[in-house]
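Peer 1: Below is the structure I would like to discuss, written out as structure tokens.
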Amino acid sequence: MPQSATHPLIRNRMAAKEKLEAMLNVALRVPSIMLLDVLYRWDVSSFFQQIQRSSLNNNPLFQYKYLALNMHYVGYILSVVLLTLPRQHLVQLYLYFLTALLLYAGHQISRDYVRSELESGYEGPMYLEPLSMNRFMTALIGQLVVCTLCSCVMKTKQIWLFSAHMLPLLARLCLVPLETIVIINKFAMIFTGLEVLYFLASNLLVPYNLAKSAYRELVQVVEVYGLLALGMSLWNQLVVPVLFMVFWLVLFALQIYSYFSTRDQPASRERLLFLFLTSIAECCSTPYSLLGLVFTVSFVALGVLTLCKFYLQGYRAFMNDPAMNRGMTEGVTLLILAVQTGLIELQVVHRAFLLSIILFIVVASILQSMLEIADPIVLALGASRDKSLWKHFRAVSLCLFLLVFPAYMAYMICQFFHMDFWLLIIISSSILTSLQVLGTLFIYVLFMVEEFRREPVENMDDVIYYVNGTYRLLEFLVALCVVAYGVSETIFGEWTVMGSMIIFIHSYYNVWLRAQLGWKSFLLRRDAVNKIKSLPTATKDQLEQHNDICAICYQVCSSSEMVLLWILFCFLMVFCWKSWSFCL
């Protein structure tokens with residue numbers, strides 16, 4: 001095969017190998033997170049009380065609570081070690097564990113065979129008894145499969161090391177009495193146990209050497225690059241966001257499966273919604289599962305925003321703007337609200353109720369991010385002369401969705417919950433999203449009307465300015481109503497420090513700063529309009545003196561065209577100068 005033809009094949013194989021290694025790197029670390037989650041849920045004091053009430057209470061080993069505590073701490077250490085092991089050592093550890101499970105399965109097969117032979121009581125030749133021969137062949141095939149798998153996993157040709165559990169079968173083949181076969185089976189188990197102990201003793205210093213080399217590498221990295229670089233390196237090697245997302249999805253799938261496995265009748269739509277919320281609430285009762293939910297929400301938000309941009313622009317969106325919104329804003333919002341409200345400390349029903357509100361806020365944030373993506377694309381499409389009906393349909397349909405869906409969400413949350421100040425803040429965000437979409441659609445319609453007219457619309461910039469000013473004014477009025485409601489609730493209702501702080505922050509950022517910005521924008525535009533009106537109009541002599549040539553298109557222009565160009569140039573100069581002075 002030519003070398004040029006082998007290159008794509010080699011690259012595909014390397015890419016597939018890298019993807020497989022990345023999947024293994026995540027999948028093999030998920031059990032460590034699950035073990036940490038189980039240890040967090042484990043009530044040590046309750047476990048110790050159960051031990052004291054059990055028959056093990058007379059055992060000296062269980063007289064003290066320190067044993068349960070030590071088991072708890074050892075579990076945490078093992079989980080952290082399992083989480084931070086390099087991938088090659090982690091794979092080797094899982095292979096050892098798989099070999100131990102196979103050996104246990106082999107001895108289970110041997111024990112079941114010996115028990116069935118004792119129950120039958122037949123000690124003659126097997127070929128004379130079909131049932132005995134069938135049992136023997138079934139056990140023999142199972143034992144051969146176990147031995148072969150063990151040798152393949154451990155990568156050794158010494159298959160006899162894993163065949164001790166075949167001794168009862170060989171003894172039965174040699175017509176050894178059944179009582180003696182029981183003793184041989186126990187000897188085989190002891191022999192396999194000694195092999196395992198020898199293997200552990202011969203590799204006793206491996207964890208120490210591994211920890212020593214890891215500590216040496218950590219010290220070198222910290223001395224050269226610092227702690228921040230070490231943390232970023234561990235974050236990338238462990239693939240923390242994907243790891244926690246997979247862990248949470250496994251928990252959620254197990255929760256859903258456990259529900260449907262115990263239900264015979266199909267649930268209604270309201271019941272399914274309640275099941276969805278309670279399952280999410282069950283899967284965020286620990287800090288680890290809460291982090292898993294945070295990263296899952298971040299990836300869901302990333303997927304929605306990516307789909308939004310793909311819907312608007314197709315594959316061209318990723319070529320023009322590869323730096324997509326990573327969706328971390330929604331995840332961080334969920335984490336802050338969960339920590340602030342003490343989500344993991346609540347009961348399941350209360351947690352589900354609070355999660356419904358938090359998820360509503362997250363969805364509102366996703367819709368706002370979708371609007372930030374769609375707004376410049378829709379306005380650019382309206383201002384351009386692109387006549388593709390499919391592009392215009394996609395832009396308008398997404399805007400209509402962003403107009404209707406936030407309003408529908410606000411209506412639904414008003415139906416299910418009692419109105420208060422916090423809920424009004426949440427609803428106001430959806431209302432503001434709908435108002436912004438309405439302004440964007442109105443400007444888009446103006447652009448399209450100008451496109452289909454033979455003559456341009458006069459004072460189009462003034463109309464656009466008035467449209468923007470109108471919905472900015474509506475946003476200001478909505479924020480002012482929220483503050484007024486919060487102040488009245490604080491005065492006539494229950495006063496809290498947190499509520500007062502939220503009112504102050506909302507008043508400063510959404511009312512005071514927005515009012516200042518709007519007023520300064522109005523003053524700048526008024527000043528620019530006055531400057532434009534004060535400019536003189538070009539006469540016929542001036543046009544002839546300057547050769548009557550447009551500085552932009554190099555064509556002959558009339559007096560009115562010259563005036564318009566001169567006014568536009570002066571307007572831009574005044575506006576840029578005012579904007580620069582305002583920023584300073």
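Cβ coordinates come from backbone N, Cα and C, glycine included.
As annotated in TrEMBL:
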- 22-519: domain 'TRC8-like N-terminal' (DOMAIN)
- 62-86: transmembrane segment (TRANSMEM)
- 93-110: transmembrane segment (TRANSMEM)
- 136-154: transmembrane segment (TRANSMEM)
- 166-184: transmembrane segment (TRANSMEM)
- 190-211: transmembrane segment (TRANSMEM)
- 218-236: transmembrane segment (TRANSMEM)
- 242-260: transmembrane segment (TRANSMEM)
- 294-312: transmembrane segment (TRANSMEM)
- 355-383: transmembrane segment (TRANSMEM)
- 395-418: transmembrane segment (TRANSMEM)
- 493-513: transmembrane segment (TRANSMEM)
- 563-580: transmembrane segment (TRANSMEM)
Peer 1: Ranking 93-110, 136-154, 218-236 by the number of C-beta pairs under 8 Å to the transmembrane segment (190-211), which range is first?
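Peer 2: Counting Cβ pairs under 8 Å, the winner is 93-110.
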Peer 1: Ranking 93-110, 136-154, 218-236, 242-260, 294-312 by Cβ pairs under 8 Å to the transmembrane segment (395-418), which is first?
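Peer 2: Ranking 93-110, 136-154, 218-236, 242-260, 294-312 by Cβ pairs under 8 Å to the transmembrane segment (395-418) puts 294-312 first.
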Peer 1: So what pLDDT does the domain 'TRC8-like N-terminal' (22-519) average out to?
Peer 2: 79
